[in-house]
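Peer 1: Reproduced below are the annotations present in TrEMBL:
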COMPBIAS  1-10  compositional bias 'Polar residues'
REGION    1-92  region 'Disordered'
COMPBIAS  11-22  compositional bias 'Low complexity'
COMPBIAS  26-38  compositional bias 'Basic residues'
COMPBIAS  59-75  compositional bias 'Gly residues'
DOMAIN    75-220  domain 'BES1/BZR1 plant transcription factor N-terminal'
COMPBIAS  77-89  compositional bias 'Basic and acidic residues'
ACT_SITE  E421  active site, proton donor
ACT_SITE  E615  active site, proton acceptor
Amino acid sequence: MHTINTTGSQDPIDPNPNLDPDQFPHRNHNHPQSRRPRGFAVAAAAASMNPVESDVIAGIGGGETSSGGGGGGGGKGKREREKEKERTKLRERHRRAITSRILAGLRQYGNFPLPARADMNDVIAALAREAGWSVDADGTTYRQSHQTNHVIQFPTRSIESPLSSSTLKNCAKAALDCQQHPVLRIDENLSPVSLDSVVIAESDHPGNGRYAGASPIASVGCVEANQLIQDVRSTEPRNDFTESFYVPVYAMLPVGTIDNFGQLVDPEGVRQELSYMKSLNVDGVVIDCWWGIVEGWNPQKYVWSGYRELFNLIRDFKLKLQVVMAFHEYGGNASGNVMISLPQWVLEIGKDNSDIFFTDREGRRSFECLNWSIDKERVLHGRTGIEVYFDFMRSFRSEFEDLFVEGLISAVEIGLGASGELKYPSFSERMGWIYPGVGEFQCYDKYSQTSLLKEAKSRGFAFWGKGPENAGQYNSQPHETGFFQERGDYDSYYGRFFLNWYSQSLIAHAENVLCLANLAFEETKIIVKIPAIYWSYKTASHAAELTGGYYNPSNRDGYSLVFEALKKYSVTVKFVCPGPQMSSNEHEEALADPEGLSWQVINAAWDKGLLIGGENAITCFDREGCMRLIEMAKPRNNPDSNHFSFFTYRQPSPLVQGSTCFADLDHFIKRMHGDIQR
């Protein structure tokens, strides 16, 4: 859930807004004299205090400017006026910063078409229109005529209920008195018509220790209002409420829409595809922006012309846009005829220094993505790995700044490893890997070995500074290796040391890149894709996850540590949802557990307070597979009503071609939007 601080008032902030008056009977909270001093009173009160008390009073004083009278000399009055001017400037800057965050949040998460220099009138008008009101240019606000006779029947008490308008007014007054520093949270994932759920006061949020303070409507005057709300909610079916959540659905445009020279291949075909997506009521599209295409031939020479033409077409259809910063190659695995490599100038550097690529135990290099160990090594024509990523992201932001301002670009996904996922390239089909092999550790280049040896020496065990020698090969099974077998070396002192270093390298890379991504895409939602490594999940070692970079054996929760790091950058997690591409017997042979892994990853993200979206791992679904995805996105009986914040449907061929891979796509979208409920 995204938080937006709406404390835009210039009034001073009560340092103890939630104190119970009954705890302090010596204070007269209703007497006018109990108000804090303002203006002249501040100066007069400060004159009789020591310097520390005077500074405290001055810091919480009112908004009026004090003059030089009131018992002080002209010099003292002038200093007081200067101090008050500075405080006024600070309050104004604070107010403007808050307003900026509100507007940015409404544009980004609420899809409100606010102008670039919007004021509060624009915000109020947009909220009113979203609630179904009509707002004229002169500010006249009214309900549409066809809605005036529409009456919603609530299963509440009879009309003789003693809940009066005065009670509601007292309730509202109590809420304002008790909550001088409100924090509003706008949930982008709810249906636009679910207005009661769109704006929620954080202090009323149940089940969260951070908001354990008394509710501002918990006063005696509001008991009846609370009872009325409980009466309504007690009759609501919980499952129907969960299923009514609006989960936006994005469709992925096929790879190959932009050719290797950065040009749009088939504008008319793309237009037909977008038209078909619009007819399915898709919320937006996802586009890969390939590093190997845009900066493909010369360093820091970026070609965005084809993407500009494509984005203009998407704008014409009023679809939202998620873009992927794709820093990996495409075509190494089963990907059809399309092949997109890393930039040619990077491959040229790799001919002289092949250690810039990940390396397995046999010394074979993976060209899927750059080695994370060069994140801070100046080996790319004088630039480090993270500087190269940052320059690319900054170029994109500069080129398409107008689309960010318009709100067309709703999110940016950052590629952090092989296949754009946060993982090592441990399962490369180019290296001969076949499911369900355990894969291989990718740490045998000179930069990784130097880092590992340095870490081992710091622990006093220099002989630990090398990778495992008994971890098998790409297609080994866990029980065939000394490292991954039951009670194997993975759980020895050396194994724990190595796996902790290996997984921490993955986390450190994510933090290095995301820190700069937040600078490049300020106030834009950042997405990180998490892989589904579900084979060998029923073994004690979880071998495949270990080689992929997730230290998640059966006696350790590796995903919570990753999400704890991601939480610092307020990212949204995108989980690659495994599909039923294998029979139950094949899963048993692979010791796979897709459901168990999905449950762990999704709930670990929710437990850390992260938003999570989904993407299909396979493209073909029957009705059963469709229902499985919906259940994952909108889990029933979830006590916290958690659900996906969006879902991305990936298909290699254009939807307009009438592919039968997902015959129930239209039904799936309606279920995600909450239009159909069981």
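Cβ atoms here come from the backbone N, Cα and C positions, even for glycine.
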Peer 1: When a 10 Å sphere is centred on the Cβ of the residue listed as 'active site, proton acceptor', how many other Cβ atoms does it contain?
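Peer 2: Within a 10 Å radius of the Cβ of the residue listed as 'active site, proton acceptor' lie 22 other Cβ atoms.
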Peer 1: I need the CA-to-CA distance for E615 (active site, proton acceptor) versus the residue listed as 'active site, proton donor', whole Å please.
Peer 2: 12
Peer 1: Is it possible to list how many residues within the compositional bias 'Basic and acidic residues' (77-89) are helical, extended or coil according to DSSP?
Peer 2: 13 helix, 0 strand, 0 coil
Peer 1: Count the other Cβ atoms sitting within 10 Å of the Cβ of E421 (active site, proton donor), across every protein chain shown.
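Peer 2: Taking every protein chain into account, the count is 23.
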